[in-house]
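Participant: I grabbed these lines from TrEMBL:
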type	residues	note
DOMAIN	B:51-161	domain 'PurM-like N-terminal'
BINDING	B:Asp53, B:Ser66, B:Asp97	Mg(2+) 4 binding site
BINDING	B:Asp53, B:Asp97, B:Asp241	Mg(2+) 3 binding site
BINDING	B:Thr67, B:Asp68, B:Asp145	Mg(2+) 1 binding site
BINDING	B:Asp68, B:Asp97	Mg(2+) 2 binding site
BINDING	B:His75, B:Glu294, B:Trp336	substrate binding site
BINDING	B:Gly144, B:Asp145, B:Ser243	ATP binding site
DOMAIN	B:174-320	domain 'PurM-like C-terminal'
BINDING	B:Asp244	Mg(2+) 5 binding site
Protein chains: 2
Amino acid sequence: MTVGTAGDPVDRSRTVGAVGERRLIVELTRAATADDPSTTADAHDIVIGSGDDAAVIDTAGPAVISTDTAVQGRHFRLDWSDARTVGARAVVQSAADIAAMGGRTTGIVVSIACPSDTTVGTVLDLNAGIVAAAHGLGGRVLGGDLVDADQVVLTVTTLGALDGAEPIVVGGARPGDVLAVTGNMLGASAAGLALLIDAERRGDVELLRRHARLVDAHLLPAPDLGQGPIAARAGAHAMTDISDGLVEELITMAAASGTRLAITSDRIPVGDEIRSAAAALDTDLRDWTVAGGEDHELLAAFPPHAVPSGWTRIGEVLEGTGVLVDGRPAGGLRGWQSFGG
Amino acid sequence: MTVGTAGDPVDRSRTVGAVGERRLIVELTRAATADDPSTTADAHDIVIGSGDDAAVIDTAGPAVISTDTAVQGRHFRLDWSDARTVGARAVVQSAADIAAMGGRTTGIVVSIACPSDTTVGTVLDLNAGIVAAAHGLGGRVLGGDLVDADQVVLTVTTLGALDGAEPIVVGGARPGDVLAVTGNMLGASAAGLALLIDAERRGDVELLRRHARLVDAHLLPAPDLGQGPIAARAGAHAMTDISDGLVEELITMAAASGTRLAITSDRIPVGDEIRSAAAALDTDLRDWTVAGGEDHELLAAFPPHAVPSGWTRIGEVLEGTGVLVDGRPAGGLRGWQSFGG
């Protein structure tokens, strides 16, 4: 990380290449620290923030750490999302992994790689989204890196605290446990993506407009990540976030736990908007709710009487191996596809 | 982060796209944990390593964190370096920021973005270099991400421990302090790069062969990062690593400290090999020693009698502002260039 020299506010319409990395890092640091909640609450978490070789943070106990990368054209499109949303999404995606261990996000570091002809405004907006999302989770932006690349690549590394709780691993499910998920619109991200693709293919945005909440859920998932620490305190045995699709996460949890997991797809909290979109696009709802990913809601195995409010029971942990969806085995790494085929 | 399913060892000649992210992550996790020193010493540092949503690490005190990104074609070339060296270099670059705070590297997380037609062998070699470098620093690979992108982009985030010492910021230099650096071949990385460019331009590798140590120093700098904690215990007032060139770091330290820094370029530890290369390429030695970056050696300000062995005194901290090299002011963000011009 690099320290820059302060100066005049920078022109948003200029390019990163013209303004230079050092100058821009000054602006990013200013934005990250200007509205930093550490000046009021929990200031003891942060010892040194942006602006030195490295940041120092006191997590007062074991630190949880995870890193996630979002690549332009693969994970996001700047013609579908504004840069602020892209930045915020990258934080949510990384912080969900912290929540999935039962952790509370305390700080993030971010690497922004972008072409030198990217406008300063785009980088400032990416950063603003990152900062806002970190603050929204109760964390801070601790520092970062800014480099030249052929496409925008955002890497967010999130640190979290366990506040005395034991970390919840994915492999701790026990026969007799109940499976539950957070959220009330599982599959919304996959539905939103399908709507965006459909609108682009047909050149008709009417369906998009009618299902704006699903599109929004794809562009910026908003899982209640505070449920991670709540689940840990409630005694969850296993937990993960739903990034690759529910069935993929179930397969991972079953294999890691040495158990069989059975869910009933009707119990998955969905909502009318997804049903309406599935009908409009003539899609099997389960393609989104069971196979679709990137909602970043949490999936956990709890002792039967320990499921906290805010969670929906969708199944059980059994003796055996593998995953059952509505009584039928879901197999392989591409579980839903082979299940559906 | 994602958990995969174990299986047969993977064919190194296949592409990442053909093998798939999940399968490859299994191999990377295996490689990162197979030879993990945490099974013997300092096992208490790591609570949960690769293979869950996030890693948990107990730094027993404040954690130091920094992130650095290396982009193919900008920061490295796979025709100049083997992938193992590229991986190791990314770790050294990030860990140097931890050392510059007085920290000891405890763990890293890594994001590897690469085109889907990258061979598995290349990714395994990148990973092997990352793992070896982390272990060489006494740290471990805690986890990571693997994504598809147009070019190879490596982001290494390093965590460190302060072991009870106060973090050493860049802005703590005080008038009366002595400036000192680690290493005995400052400018070697810049010299090695100049030799590589020269060899490519002239199609003649003879100079490269005669200065192999300089080329090696560019491809994989090997600063003694253990000097960071040593400097902290010795009472250093300010410290940074030399990533952007000595004069840039001096300008940063002077501005952040509110002091004037004066160095004598003759005192910079260089060695005969750099002198020989400078003569061969008809280059002013100071273009490499004063302006050249990426050695990742450490620069610190110490009280006069506190300079530890292994450090070379190159100057003094004075009242005032700005930087003097051999008595002449070095100005601007492109200090050496404007100084030399």
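Note that Cβ sites are derived from N, Cα and C of the backbone, with glycine treated the same way.
Remember, TrEMBL labels are computer predictions, not curated facts.
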Participant: Just checking the binding-site residues B:Asp97, B:Gly144, B:Glu294: which sit within 10 A of the residue listed as 'Mg(2+) 5 binding site', CA to CA?
Facilitator: B:Glu294
Participant: Reported as an integer number of Å, what is the Cα distance between B:Glu294 (substrate binding site) and B:Asp97 (Mg(2+) 4 binding site)?
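Facilitator: Checking the Cα atoms of B:Glu294 (substrate binding site) and B:Asp97 (Mg(2+) 4 binding site) gives a distance of 12 Å.
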Participant: Quick one: of the binding-site residues B:Thr67, B:Gly144, B:Asp145, B:Asp241, which has its CA closest to the CA of B:Asp97 (Mg(2+) 4 binding site)?
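Facilitator: So, of the listed binding-site residues, the one sitting closest to B:Asp97 (Mg(2+) 4 binding site) is B:Asp241.
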Participant: List which of the binding-site residues B:Asp53, B:Asp68, B:Glu294 have a Cβ under 8 Å from any Cβ of chain A, in sequence order, or say none.
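Facilitator: Near chain A, the qualifying binding-site residues are B:Asp53, B:Asp68.
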Participant: In angstrom units, rounded to an integer, how far apart are the Cα atoms of B:Gly144 (ATP binding site) and B:Asp241 (Mg(2+) 3 binding site)?
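Facilitator: Checking the Cα atoms of B:Gly144 (ATP binding site) and B:Asp241 (Mg(2+) 3 binding site) gives a distance of 25 Å.
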Participant: Counting across all protein chains present, how many other Cβ atoms fall within 10 Å of the Cβ of B:Ser66 (Mg(2+) 4 binding site)?
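Facilitator: Its Cβ shell of radius 10 Å holds 31 other Cβ atoms.
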Participant: By Cβ count within 10 Å, point out the most packed of the binding-site residues listed: B:Asp68, B:Asp145, B:Asp241.
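Facilitator: Within the set of binding-site residues, the most crowded position is B:Asp241.
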Participant: Using Cβ-Cβ distances, find the residues under 8 Å from B:His75 (substrate binding site) that belong to the same chain and are at least 6 apart in sequence, listing them in sequence order.
Facilitator: B:Thr69
Participant: Do me a favour and check the Cα-Cα span between B:Asp53 (Mg(2+) 4 binding site) and B:Asp145 (Mg(2+) 1 binding site); whole Å is fine.
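Facilitator: About 11 Å separate the Cα atoms of these two residues.
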Participant: Which of B:Asp53, B:Asp244, B:Glu294 has the fewest nearby Cβ atoms, counting only those within 10 Å, among these binding-site residues?
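Facilitator: B:Asp244, out of the binding-site residues B:Asp53, B:Asp244, B:Glu294, has the fewest neighbouring Cβ atoms within 10 Å.
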Participant: Among all protein chains shown, how many Cβ atoms are found within 10 Å of the Cβ of B:Gly144 (ATP binding site), not counting that one?
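Facilitator: Here the count is 29.
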Participant: For B:Thr67 (Mg(2+) 1 binding site) and B:Ser243 (ATP binding site), what Cα-Cα distance in Å is obtained after rounding to a whole number?
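Facilitator: B:Thr67 (Mg(2+) 1 binding site) and B:Ser243 (ATP binding site) have their Cα atoms 13 Å apart.
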Participant: With DSSP assignments reduced to helix, strand and coil, which class does B:Asp68 (Mg(2+) 1 binding site) get?
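Facilitator: For B:Asp68 (Mg(2+) 1 binding site) - judged by DSSP and reduced to three states - the answer is strand.
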Participant: Do any residues at least six apart in sequence from B:Ser243 (ATP binding site), in the same chain, have a Cβ closer than 8 Å to its Cβ, and if so which, in order?
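Facilitator: B:Ser243 (ATP binding site) has long-range Cβ partners B:Gln93, B:Ala96, B:Asp97, B:Glu249, B:Gly293, B:Glu294, B:His296.
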Participant: Taking DSSP as the reference, which of helix, strand or coil describes B:Asp241 (Mg(2+) 3 binding site)?
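Facilitator: Its secondary structure by DSSP: strand.
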